[in-house]
Amino acid sequence: MEEEAEVVKPKKNGGRLCSLCNQRRPALKRPKTLEQICKECFYTVFEEEIHRVIVDNQLFKPGERIAIGASGGKDSTVLAYVMSELNRRHNYGLDLFLLSVDEGITGYRDDSLETVKRNEIQYGLPLKVVSYKDLYGWTMDEIVKIIGLKNNCTFCGVFRRQALDRGAALLKVDKLVTGHNADDIAETVLLNILRGDIARLSRCTSITTGEEGPIPRCKPFKYTYEKEIVIYPCHVVYRLGIYSPNAYRGFAREFIKDLERLRPRAILDIIKSGEDFRISTSTKMPEQGTCERCGYISSQKWCKACVLLDGLNRGLPKLGIGRSRGPNGDRQREMKQSNGTRNIQSKQCGTLDF
């Protein structure tokens, strides 16, 4: 669970004033800088910093269509509000849309989609919902019944990423923005180091990614702390995905939180370290191509989503997990796993040509 920022208790006899405006009593100690500031100043600097990130990195151009990845959680809800507000206040000239993915998780996703639908009305932004069931023929509930809890995050993460791209293609947008914050990016830097994933390490700190793919992705919250998003006024109660407790990322998240408690700037320092990494010219990087089955970007013959889906449809749910690569690797493991299992017919991955 995320931690909230420290609330400053007012002293009985006067006391200090906000370190920014020097007029009002401080209401909180800002997590990123440890400044004691009032709520009004916090809201102002929170929004202004995100505006500077957008402008300094030239994330958008006037007239572009932008999809906001909306899960109904704290990050995407605040992102939708701030993007809508900054677009109006600073005249970005953007056409904004909400894009949500229904993974088919009973109870959890039903509630969060209701939050997204409220955001649609509150912020006046059109909403598009795409579902795993429609795209792949499977819900996460159905997948978990077959694969169990241990490896379900592999399926959900791969399918969600492609589902967002498919939804963005349906909306005919120019870019997709996501609510990945500074904590998320610092965690990803650590994970890629631990995994020895040089290819991802070289791009995980980029504020815009996927420019070689169908639709670029931007992260306006790249330098925004999770604690500050939580105390921003339009946030919602965040619920951890019910199938995610076993996610490997959770260990990196706890480590980041421990570092932040000792030294708040540690999050930004990890991101800076990731930005400054230089990959040796002798390091062999994967060549980007397209999936032969669905046309999605892939460095293999089939993209990861197609490999996973092929395993589900053929009764080999562990195909594509770990070293088992299906059509991209050794087929002997696949034959050993099947033991004569009858293939299950379902939807294939489909095409990105909408």
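Cβ atoms here come from the backbone N, Cα and C positions, even for glycine.
What TrEMBL says about this one:
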{"type": "BINDING", "residues": "Gly69, Ala70, Ser71, Asp75, Val101, Gly179, Asp184", "note": "ATP binding site"}
{"type": "DOMAIN", "residues": "66-234", "note": "domain 'tRNA(Ile)-lysidine/2-thiocytidine synthase N-terminal'"}
{"type": "DOMAIN", "residues": "289-319", "note": "domain 'Cytoplasmic tRNA 2-thiolation protein 1 C-terminal'"}
{"type": "REGION", "residues": "320-342", "note": "region 'Disordered'"}
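Location within the structure of each feature annotated in TrEMBL.
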residue : record           : Cβ contacts under 8 Å, 6 or more apart
Gly69   : ATP binding site : Ser76, Leu79, Leu99, Ser100, Leu164, Leu176, Val177, Thr178, Gly179
Ala70   : ATP binding site : Ser76, Thr77, Ala80, Leu98, Leu99, Ser100, Val116, Asn119, Leu127
Ser71   : ATP binding site : Ser100, Val101, Ser112, Val116, Gly179
Asp75   : ATP binding site : Gly179, His180, Asn181, Phe221, Glu226, Ile229
Asp184  : ATP binding site : Glu226
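Binding residues for ATP (Gly69, Ala70, Ser71, Asp75, Val101, Gly179, Asp184) extend across at most 20 Å, taking the greatest CA-CA distance.
Across the domain 'Cytoplasmic tRNA 2-thiolation protein 1 C-terminal' (289-319), DSSP helix (H, G, I), strand (E, B) and coil residues number 10 helix, 4 strand, 17 coil.
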